[in-house]
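Below: the structure, in structure tokens.
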Amino acid sequence: MNELRCGCPDCHCKVDPERVFNHDGEAYCSQACAEQHPNGEPCPAPDCHCERSGKVGGRDITNNQLDEALEETFPASDPISP
């Protein structure tokens, strides 16, 4: 049987088949890794610091660009269907 590796970027942990965390079809070693460390939660493995690879609160898009993308996706003029 193939060894499962955690789907978290920069995580080098093996996934325990009896304690796997699934998210979007990928296997992760912990809930923190499955959620991509949204609040900087550490990886449970003492020698792994994959939580450092995530950009907590960072993004490469301005609020104005985000507003425009949202308006393009959900125009205010579209009627809401019941």
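For all residues, glycine too, the Cβ spot is worked out from N, Cα and C.
Keep in mind that what you see is a predicted model, and the values were worked out from it rather than measured.
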Per Swiss-Prot, member of Cys11, Cys29 binding Cd(2+) 2 alongside Cys43, Cys48, Cys50: Cys11
Of Cys33, Cys43 (the binding-site residues), the residue whose Cβ has the fewest other Cβ atoms within 10 Å: Cys43
Those binding-site residues, out of Cys13, Cys29, Cys43, that come within 10 angstroms of His37 (Cd(2+) 3 binding site) at the Cα: Cys43
Among Cys48, Cys50, the most crowded of the binding-site residues [Cβ within 10 Å]: Cys50
Binding-site residues (Cys11, Cys13, Cys29), the one with most neighbouring Cβ atoms at 10 Å: Cys29
